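Enquirer: If you scroll down you'll find the structure; I have some questions about it.
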Amino acid sequence: MKIQAGQLGLDDNDVPGPLPDTDSKPSSQSQNDTPMFKLGNFESPVLKELSRRTVNKEMETQRIMTNVIAFAFWNLLVKFIKFFWNNTHVGRQFCNRLSRIHLYMLTFHTLKKANIIYHTTFSWLNAELLDYLFHLLISLNILFSLWKLLSTVKVSDLNLTDRQKKLLGVDMQSSVDTGLQPQHPHYVSTSKISQMAQNKTHIPQTNLKNHPAYLFKGLETPLKARQREMAEEQTKLQSQSLHTKNVFGTLQRHSGISSTLVSANNDNNSPHTPVTRKGYIPSSKYAYMMNSQSPRGKI
């Protein structure tokens with residue numbers, strides 16, 4: 001029984017205890033044996049090749065601007081040095097001091113030997129040649145960047161499907177035999193979507209006058225209905241009162257047609273004022289002064 005109790009993890013008093021070969025914590029060996037899940041680094045070779053061929057237009061534009069600024073700054077610096085060296089008193093003094101220092105340094109044997117080697121080996125290297133090489137380097141950089149911006153990327157040999165071209169942002173409309181012009185990746189054109197939205201939201205002009213558009217279709221509150229009825233009544237009253245006349249004639253002026261004078265039903269003592277008059281319109285209470293005779297003064 002002791003052997004069985006020991007195998008079952010029991011002591012002599014039949015009390016359960018820890019097994020001799022088991023531990024509460026897993027061992028480091030068991031942790032190392034369990035495989036850890038890791039993300040792969042696979043990349044499609046077609047996508048890698050397309051990204052290599054794609055031109056970064058922003059970077060090329062910045063490179064062109066940098067070269068242009070460097071070209072202008074170099075020319076300004078060279079012209080300033082020439083002007084300071086030849087046309088100023090301070091520049092001449094500085095040149096004389098440099099020549100004296102150079103002659104003093106040639107008195108040393110090592111420097112004199114280095115000067116002889118320099119003149120025999122690098123006699124062709126002068127300031128004009130350095131200026132020419134700098135201009136040539138900047139010009140080549142600008143031309144190379146322009147060629148990258150204006151050239152089309154050839155992707156016909158990559159054998160891409162229409163779905164892949166759409167996902168990669170390749171312009172399928174401008175496809176030619178030589179290649180395709182890639183656009184921004186994952187770019188979706190919104191021209192068709194905007195046109196469809198405009199067609200859906202387009203409302204005829206007659207409907208806009210009779211029934212105003214609301215946020216929800218068919219939703220018309222009592223307040224909105226009352227306002228619409230009042231607006232319709234006002235338009236009717238305005239249309240009926242277009243041909244009304246007053247003592248000074250009708251105030252409605254039609255384009256190109258002059259209004260008539262006061263009708264015969266009005267009072268004879270009221271002043272007759274044409275409607276086309278744009279000046280002062282006299283009041284009716286001073287009509288007796290207009291009809292009364294007054295002696296004119298002698299000049």
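Glycine is no exception: its Cβ is also placed from the backbone N, Cα and C atoms.
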Enquirer: What residue among SER123, SER191, SER292 has an entry for phosphoserine in Swiss-Prot?
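Expert: Per Swiss-Prot, the residue annotated as phosphoserine is SER292.
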Enquirer: Annotation phosphothreonine in Swiss-Prot: match it to one of THR34, THR273, please.
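Expert: According to Swiss-Prot, the phosphothreonine annotation belongs to THR273.
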Enquirer: Residue list, the transmembrane segment (64-84) vs rest of chain: Cβ under 8 Å, 6 or more residues beyond ends.
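Expert: Distant Cβ neighbours of the transmembrane segment (64-84) are 90-91, 131, 134-135, 138, 141-142, 145-146.
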